Amino acid sequence: MPKYTPEEVLDLIQKEGVQYVDLRFSDPFGQWQHLTIPAYEISKETFEVGRGFDGSSIRGWQSINESDMLAKPDPNTAFIDPFIEPKTLVMICDIYDPVTGERYGRDTRYIAQKAEQYLKQTGIGDTAYFGPEAEFFIFDSVEFGTAANYAFWRVDSEEGWWNREVPSSGYKIPHKRGYFPAPPVDKMMQLRNEMVSIMSDLGIIVELHHHEVATAGQGEIDIRYDSLLNQADKLFLYKYIVRMVAAKHGKYATFMAKVLPNDNGSGMHTHFSIWKNGENLFAGSEYAGLSKTALYAIGGILKHGPAIAAFTNPTVNSYHRLVPGYEAPVRLAYSARNRSAAIRIPMYSQNPKAKRIEVRFPDATSNPYLAFAAILMAAIDGIENEIDPGEPFDKDIYSLPPEELEGIPQLPGSLEEALKALEEDYEFLLKGNVFTEEFIQLWIESKRAEIDELRFIPHPKEFELYWDI
């Protein structure tokens, strides 16, 4: 996204005839919130003082007796919304406490900013680069609901392998074979092209896009790496564009980790490296062309993997994806080129600038401010303490017999297991006051409340299994 000063934003509003300004920010759980004000209300003071709003209405934020909050727009994030009329300019905001004048501790964008600053304070590096590959589904119809006497969901897609008659029965993608046939089999190419064109117009550099393994419109758009905060901001915009383009065409996009029970889920493989003074610290002469720094970073991520999964895979649904047989990692191992490992070292290029690791277990239901910050903090801990990642695992982990799997640590099998791991292993996140104990406890309590909400609802499959016993 282009970078602006407050004065340049005000000039842009006048030049483009902007009528409304939309102020956006994330709640703790990764959902964009917004408030809209007429453009004539925007002045230089707006950037200095901010705009007041009710923080008690945001899930996980203030109580009603301390509800006043301030949203201060970041001019560097300004863009003209291509979907909204009349012409509307959007800015992402930082959240402040109006009483103390300080940043709000539950503003997850602040956590991301603190993580970037802490990296510099350690002297290890000055920039952490992230390149997420956020996968999604596009459906033609979606229905779901729960009530006192029912619980159900139903999705459909013209690409769905279960639709064998109409429409386009001659161009169906066979089950789990969506990677990646050309049109007319790939019916979503034009939609993705439109998404990419809008992303490019708004400053998000796209490297490629393609259909994914699952049928029913699963796709992936890969965006070029960027620094932690910039990339997290871009990921919110990425998801917004995907959803809005789908909606424009009467379709429905979702980033849920597991939608279809017998098909691949949607992940967010995250490429990651640390740089200093323009030099890639992950390039070296060790295994797969990595440096010792990179291996220690891997050691930290593997050691703290169960804990950071509470942020990178933050929903009950996330763990329906992390099962064998659907190209998602379940074991905390690392390897070159090996997509069955939790961490893969891509080998596409021998250029030292391209050397990175790919953390394969996250999904796009995560809040990227928290997910990226947690990955970075685990890596820093690994580097500072020279945590040995052990030997690489170059075998296909999915095909190993049980006796060979015993020595390989597992990712959590459920959100409850991930929260338990976070509860027992969060000291590394507190360094530099990046995460606070108060925020971590809020996260654990909120997520356990989600688990309880689901725990008391019988699953429709239970009726098939147990109705007439």
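Cβ coordinates are placed from backbone N, Cα and C, and glycine is handled just like the others.
Not measured: the values here are computed from a predicted model.
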>> The Mg(2+) 1 site in Swiss-Prot lists Glu133, Glu358. Which one of His210, His211, His269 belongs there according to the record?
In response: His269
> Do you know which of Arg243, Arg360 Swiss-Prot groups with Asn264, Gly265, Arg321, Glu327, Arg339 in the L-glutamate site?
Replying inline: Arg360
>> According to Swiss-Prot, Glu212, Glu220 bind Mg(2+) 2; which one of Glu116, Glu135, Glu143, Glu286 is annotated to that same site?
In response: Glu135
> Residue counts in helix (H, G, I), strand (E, B) and coil for the domain 'GS beta-grasp' (16-100), per DSSP?
Replying inline: 19 helix, 35 strand, 31 coil
> Near the Cβ of Arg339 (ATP binding site), how many other Cβ atoms are there if near means within 10 Å?
Replying inline: 15
> Between Glu358 (Mg(2+) 1 binding site) and Glu212 (Mg(2+) 2 binding site), what C-alpha distance do you get in Å?
Replying inline: 18
>> Among His271, Arg321, the binding-site residues in question, whose Cβ has the most other Cβ atoms within 10 Å in this structure?
In response: Arg321
>> Taking DSSP as the reference, which of helix, strand or coil describes Tyr398 (O-AMP-tyrosine)?
In response: helix
